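What follows is a short report on a single structure.
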């Protein structure tokens, strides 16, 4: 029997919002790395010619969607893993003892994590525009927003899935360094994946963020390696798969 | 007739072959203020975790407010409030926001939440701290807010796991008053665990004494202490005390029993204030050197000693050792 508790989902989402707007220094801290990547790589390689970047597209414009993807990847994975903190500080028990279906809890947490991640992605869009990114119009912006939502859902759910399998916080930096960083570097965020040797390209094709970054590029600068519909389809698939995995592992995890 | 607040039959929890709870039968009436008393590691918290659906029992069954803890988990969860042993608040939220979060999780609408938050804050005297962040609350204030939160959604049964653990004596008395007040004013059935004798004695209408996962005695604190009957006179004597010397004391009129543990003799004595001079004289006739004499009326500690043959603190270190061994085994298994 599947039941959804709207009030509870809203409560969990609202909690993430309150925390997001209250913990400003944490938000500033998590936005600093993508901002520096964007500023220094954008200016540093701005005039360099990089192979496989289409003619007429400056490196800064090419980079900006990639860095938005990076921001979403880091903040949403972190959001999913934040269940570890709730377990550590006992708040998870308060959530789990409530008469609320486990599915509602997963949906509420995911909604909160995705919203905060997308807000951070939108914040990084601002310096991107300042560095020369030109958004073609509202439909393009809305399409980019859809890609942001799907990227955040995929990685927030994966974070939740990992957190459900971990007993304590010790695995946190392992996940960040051995999963999140390779996913970032192998996504084509910094350079076209066609510049990679063949076997690494193949690996990149199994990375959901590759399609996320490519989709953001397609919608924001009109240049993409794959058709937008394909990007959309694969990301939607990875979101559903990751969300199902996260929900399944969360359901099975112990509170204690 | 209404079902009892809690009815457990053969409730059992086994962790990797270690019996944490061993076939507990328990019936708690509606409106009762009931205590589970025992040393750390006795299985009290595990019983609470099973009754609050946080752990699935290995065997046996239980119903809370008439709902089965295995098959009707959401109905059980709707009927109970829980104050956990460890903190379980969001420290980045204010007191009011924590209560608001809780109310929504239990499906309360805005108007109901606002009114109820004012009520429960009043009950624990935190009205003027409502908008302070939890991280700025003291330990005692935080515990009071958790009690208020446990009551927020009008539960039928409120579980309190070691409600005064780690709090100073004055704060403890305040918490006792809040617990009594909500039991009277809200009519909520209260089930608490404690390893403080005086807490169980002061607060609870009935107490179940738990040791090594089993209930060894269950009654009102008064009736439990009546089982000891007489006062307890404790004599510290020489190590070399002989059986004949002990016999000389137990033969005295009014001395009902003598327990010996090393150089400590515990005498159960009727009307002890009148008997002490005779006891001291008899000891000196038997050439038994007394180092000190103390007497007290029976406490739940004496009841625990009578049923388990050890003091609660001794049981505690043994129990803690058992738990540590289990935990390390469980860790090993996971990795």
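Even glycines carry a Cβ here, placed using N, Cα and C.
Please treat TrEMBL annotations as automatic predictions, because they have not gone through curation.
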Per TrEMBL record, range annotated transmembrane segment [choices A:27-50, A:195-218]
A:27-50
Which of these ranges is annotated transmembrane segment in TrEMBL: A:1-21, A:106-126?
A:106-126
Could you pull out which residues elsewhere in the chain have a CB under 8 Å from any CB of the transmembrane segment (A:27-50), counting only those six or more residues past its ends?
20, 58-60, 62-64, 67-68, 70-71, 74-75, 78, 120, 123-124, 127-128, 131, 190-192, 195
For the transmembrane segment (A:62-85), find every same-chain residue at least 6 residues outside the stretch whose CB is under 8 Å from a CB in it, and list them.
16, 30-31, 33-34, 37-38, 41-42, 45, 50, 53, 92, 109-110, 112-114, 116-118, 120-121, 123-125, 128-129, 131, 133, 144, 148, 151-164, 166, 168-169, 172, 175-176, 179-180, 183-184, 187-190, 209, 212-213, 216-217, 220-221, 223, 246, 250
Same-chain residue ranges lying at least 6 outside the transmembrane segment (A:174-193) that approach it to Cβ under 8 Å
37, 41, 50-53, 63, 66-67, 69-70, 73-74, 77-78, 81, 159, 162, 200-201, 203-204, 207, 209-210, 212-214, 225
